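Annotated features, as they stand in TrEMBL:
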ACT_SITE  A:GLU420  active site, proton donor/acceptor
ACT_SITE  A:GLU429  active site, proton donor/acceptor
BINDING   A:TYR309, A:LYS318, A:TYR319, A:GLU377, A:ASP404, A:MET405  S-adenosyl-L-methionine binding site
DOMAIN    A:28-274  domain 'PRMT5 TIM barrel'
DOMAIN    A:452-620  domain 'PRMT5 oligomerisation'
Number of protein chains: 2
Amino acid sequence: MAKRVSCGLDFVSPADITNALQIATESKYDFAALPIAHPRHKRDFSGNSQARRLTAFTRADLILNSSDWSTLIVGKISPHVDLDHEDKLLRQESEKVLEQELSFAGHLGLPAVLVPLRKNNTNFARFLHNKVLSSPLNQARYHVWLHLPMISPKIEASQFERDVDEEEVDDTWHWWNNFRITANFEKKLSLALELTADLPDAEDIDRWLGEPIKCLVVPTHLFMTNKKGFPVLPKSHQVAIRQFLRQKTQILITGAQRHQHYKHYQQYIEHLWQVGYESDPVMQFAQGYEDFLQFPLQPLMDNLESQTYEVFEKDPVKYTEYQRAMYLAILDKVPLEEKDTKVITLMVVGAGRGPLVRAALTAAEKADRRIRVYAVEKNPNAIVTLQCLADEEWGDRVTIVSCDMRDWDAPEKADILVSELLGSFGDNELSPECLDGAQKFLKDDGISIPSSYTSFLGPIQSSKLFNEVRSCRERDKPYFTSFEMSYVVHFRNRTELADPQALFTFTHPNREMPIDNSRYEVRHFPIKCDSMLHGFAGYFETVLYKDVMLSINPATHSPGMFSWFPVLFPIQNPISLKKGDVLEIHFWRCVNRTHVWYEWCVTKPLGSAIHNPLGRSHNIGL
Amino acid sequence: MAKRVSCGLDFVSPADITNALQIATESKYDFAALPIAHPRHKRDFSGNSQARRLTAFTRADLILNSSDWSTLIVGKISPHVDLDHEDKLLRQESEKVLEQELSFAGHLGLPAVLVPLRKNNTNFARFLHNKVLSSPLNQARYHVWLHLPMISPKIEASQFERDVDEEEVDDTWHWWNNFRITANFEKKLSLALELTADLPDAEDIDRWLGEPIKCLVVPTHLFMTNKKGFPVLPKSHQVAIRQFLRQKTQILITGAQRHQHYKHYQQYIEHLWQVGYESDPVMQFAQGYEDFLQFPLQPLMDNLESQTYEVFEKDPVKYTEYQRAMYLAILDKVPLEEKDTKVITLMVVGAGRGPLVRAALTAAEKADRRIRVYAVEKNPNAIVTLQCLADEEWGDRVTIVSCDMRDWDAPEKADILVSELLGSFGDNELSPECLDGAQKFLKDDGISIPSSYTSFLGPIQSSKLFNEVRSCRERDKPYFTSFEMSYVVHFRNRTELADPQALFTFTHPNREMPIDNSRYEVRHFPIKCDSMLHGFAGYFETVLYKDVMLSINPATHSPGMFSWFPVLFPIQNPISLKKGDVLEIHFWRCVNRTHVWYEWCVTKPLGSAIHNPLGRSHNIGL
């Protein structure tokens, strides 16, 4: 089986860099972390600038070839660097040291630089942010890994006598949060999080999982020794590491060699990954799509492509459940005593390339009842496929209708109306508007499958997604545009800040007079932990018929179903939240003659401007 | 004396609009407030949309001519309109009523519309924001005046049994604050604030003074009756009204006529203005510049124009104080016994058109001492004026040097070095860098005037200035640019959220080795009241010599001096603050070989991104 984990070995102060690299590669590590400044060279920045000795602070770049520097070495900044020291001279010396070492890292073409993150870091954040910003586009642009412990040494030392006020100050997540706010969430600045002997509780680990952690630092002193003399980690640490490995986090082993050989640590980490890797159809299907922003489909305005149909027809769960719902509905419509005399009418509106037609026929066979099927589809390309299936397979049980369901003048009324018009947020592909139009050819006692659907909304934190949205900015559009869109995303690097709640519900057939599909709801979310709000995740649940449901809401997700990824509603300015805050959000579904769109704003504990007013950045065409 | 106050009269339910307008104009009011919908027409929005009676809900537009509609009438929205009602039907009816009435206000071309603001107003805020946004550029665009009381009826009724939790909810400032956040601080949405019988304390009134209040509503029941039968207000209300009148707020008299004639209320308000108007040179000088953003001068890179010199030479305070400082310095340099033998050298660097040269000569005459003056100036246009003054007036006491002070090879060293290089923020026109260069021709025991200067910084709230900065956006520049500039502004419509604090100090001559004019300071401001942070006001104080000072810091402002307006450092995303919060700000003065710039960020209670990193949006050329 292929090697999956990228694992590095940290050297505190190697006398010989080629030797260190040899140890790392022979032990099957993927990279080595090495100090940028040579430990034996003490630099002197005091006095006036002409006196600086700039030449000999480190090894020459000729020791390794440039491809080794750029793939095998992570540079470490001198640990005494402190840009927020109270003493101005020490602070300025730190700036010069950091400047010099980063400059040399750039010169070498290192892929990443490891820098210790301290409690006070505003000046440091500014410096790094500006450094990354000033780096010209085509130069070697290292990532900065901010190295900090999962629990601060102070909190670890005083588990039983914590001061509440101190807690925030010593919560290392706050160190990071302060840093990134000042550094404007710059995506080249990410984290190297060090596992500690004590682990924080599950919610705090969850929060770290939503942060841009590029590397998990694992000290060798955390390893115990098993009967055979090999290093093993406590169960709790195994669980934590597996969670990070699922996020594709790299591992860096640090500290003295406390067991026979350095290679055993790498082998153990690799073992954790292999054991933890479970085959999961959703995970496989989503491979490569993690945290990738997709624009929602507009199937009403655009015609879907063949490949899109193909992908969605493969869902192992969705059509089975539709079939079960139709089976129950058919049985309810035709009592046993009429099974040979009564023929009911089932219409599939938006039939695509026919998966629901096929499921309907199968359901009728299983129920031992007789049905007549109409397959209505507006996409002329899909009609070709349907007609072919009718001719070759379905025969006269199925009538193909090439027409927009809203315009169709049906020759008779249906007993059962079946559709699959739901988007990731339920109503966001305009299922309500389509079915309201189609129900004119549903009998008064007819059944709609689905019979109802509800969208769900939950607040999330994710620097990763925030940066993805920010970088979606299009040249000619105003800067806020990308924050007023919704996106379909397979979430990975994010934290849920509260449980999702039901938002908008639609029921079919809709006998309201007049029908009003606009909605306006306010929701309140109790926040689980100190955090940054970056937006909202949207999901849906639908009742197909009676107890037959489909769901992408995490709490009730249909196992194995991959047809829908969740939807993301971002907010433009991240909002700081405290544990226990009640977040209030207002959400509108707006409808006019030609379009449907959403608007949203946060009102508590802090307000945001209204997003997507008048659908200016995003709307869905009717 | 000319009429100064714009004063309107409110009619609750006039039977006859022409008659009402006649009453208002005969009583010398400038405008009348009238309901948009005719009170006798009850509208019916129930049922389907075809049934709406859209024709007769109000008077025809033919009653007045269009110029009267657009200058004399403020339209009032029906008071029962409530877009945040819990009942969906009532809410939707309110939306329709508001839509219809605003549409008619636009049709009539009214200058403003008065709308009641309630406690819950998120949907209302969204609706008005979108309405203003959707209004095409060249159409009649009414301002919306949100009408709300200074103290909510509930708080007024229960002064002695207030619940702390309730306080915020019933603080009408919070109603407004919630509204404007959702409405994205849109500048067409402003306030009509109603004076209440009880007034809030001075700090709360201060906060209102920083809000965009277009109109102060004064109910007639607040008026008492004096011995002659005329209406008068209590002292506290007089004070409050005068504060608003200084901001050019309009007045709207509302309520029944409780005295002989409506005109007496207008006369009384006019009287308050006339009595309150004091002649003040700064106020006169600043007329028309209130809250107007100016770009700071760059006198090092650009040459000043003649008109600029002219304006600043008129300052009645600045040169008097410089002269006093020079007088004291000259006396210190030449003891009485040497008054006829010793000639000292005084150099004016950046002499402009010579006001400091003239003040030096006068100071020497008053001190009865002998001086030799060098006037160094880099602007060749100003040199023309200086040479002319030397030839015609000063004679050989003054040597004119046409040269940048940093490049000048002086023939001798000076006893006294005089300059006026300070900007509104002290060092922001690069006085430190210039004087560091010039001090090479100052004797070791020489005196610099000024001898030191300190910048001051204080947090402010101002929707007005926030909007001014936002609308400064230039087409080809990134959206954040205008928020990363500093501006010179004569403040009016803003609230100070904490007392300003000293920030950066520079002393001359500067004997530091090596000289370092970069600065980095952190300041903590205890916040006075619940508020929105929009940016920071910058000021300076300078010690010219010994006890002779100049200051534009509000606490120590030199009376009558108008040469400097304060400076504004905005922040891009307004930050919500609570009374008692400690606001932490980090401020840097950065220096490289060619430029000086400032960077800033807020870190507590909430963080902001670093502003102006690397001086990307604004810097000052050396």
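Heads up, the Cβ atoms here are built off N, Cα and C, so glycines get one too.
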Practice item. State which of the following recorded positions has the fewest other Cβ atoms within 10 Å around its Cβ: A:ASP404, A:GLU429. Key: A:ASP404
Review point. What three-state class does DSSP give A:GLU429 (active site, proton donor/acceptor)?
Key: helix
Review point. Taking A:TYR309, A:LYS318, A:TYR319, A:GLU377, A:ASP404, A:MET405 as the record's S-adenosyl-L-methionine-binding set, what's the max Cα pairwise distance in Å, rounded to a whole number?
Key: 24
**Study point:** pLDDT averaged over the residues of the domain 'PRMT5 TIM barrel' (A:28-274)
**Key:** 84
**Study point:** Same chain, 6+ residues apart, C-beta under 8 Å of the C-beta of A:GLU377 (S-adenosyl-L-methionine binding site), given in sequence order
**Key:** A:GLY350, A:ALA351, A:GLY352, A:ILE383, A:LEU386, A:ILE400, A:VAL401, A:SER402, A:CYS403
Review point. For the recorded positions A:TYR319, A:GLU420, A:GLU429, which residues show a Cβ-Cβ distance under 8 Å to chain B?
Key: none
Exercise for review: Sorry to bug you, but what's the C-alpha spacing from A:ASP404 (S-adenosyl-L-methionine binding site) to A:GLU420 (active site, proton donor/acceptor), rounded to the closest Å?
Suggested key: 14
Check your understanding: By the DSSP assignment reduced to helix, strand and coil, which category contains A:LYS318 (S-adenosyl-L-methionine binding site)?
Key -> helix
Check your understanding: A:LYS318 (S-adenosyl-L-methionine binding site) has how many other Cβ neighbours within 10 Å of its own Cβ?
Key -> 23
Check your understanding: Roughly how many angstrom lie between the C-alpha atoms of A:LYS318 (S-adenosyl-L-methionine binding site) and A:GLU429 (active site, proton donor/acceptor)?
Key -> 17
Exercise for review: Using C-alpha atoms only, work out the spacing between A:GLU429 (active site, proton donor/acceptor) and A:MET405 (S-adenosyl-L-methionine binding site) and round it to an integer in Å.
Suggested key: 15
Study note, to complete from the structure: Other C-beta atoms within 10 angstroms of the C-beta of A:TYR309 (S-adenosyl-L-methionine binding site) total 18
Review point. Secondary structure at A:TYR309 (S-adenosyl-L-methionine binding site) (DSSP, helix/strand/coil)?
Key: helix
Study note, to complete from the structure: Within the same chain, the residues at least 6 apart in sequence whose Cβ is under 8 angstroms from that of A:TYR319 (S-adenosyl-L-methionine binding site) are A:GLU313, A:PRO355, A:LEU356, A:ARG358, A:ALA359
Revision key, fill the gap. Neighbouring CB atoms within 10 angstroms of the CB of A:GLU420 (active site, proton donor/acceptor), all protein chains considered, total 23
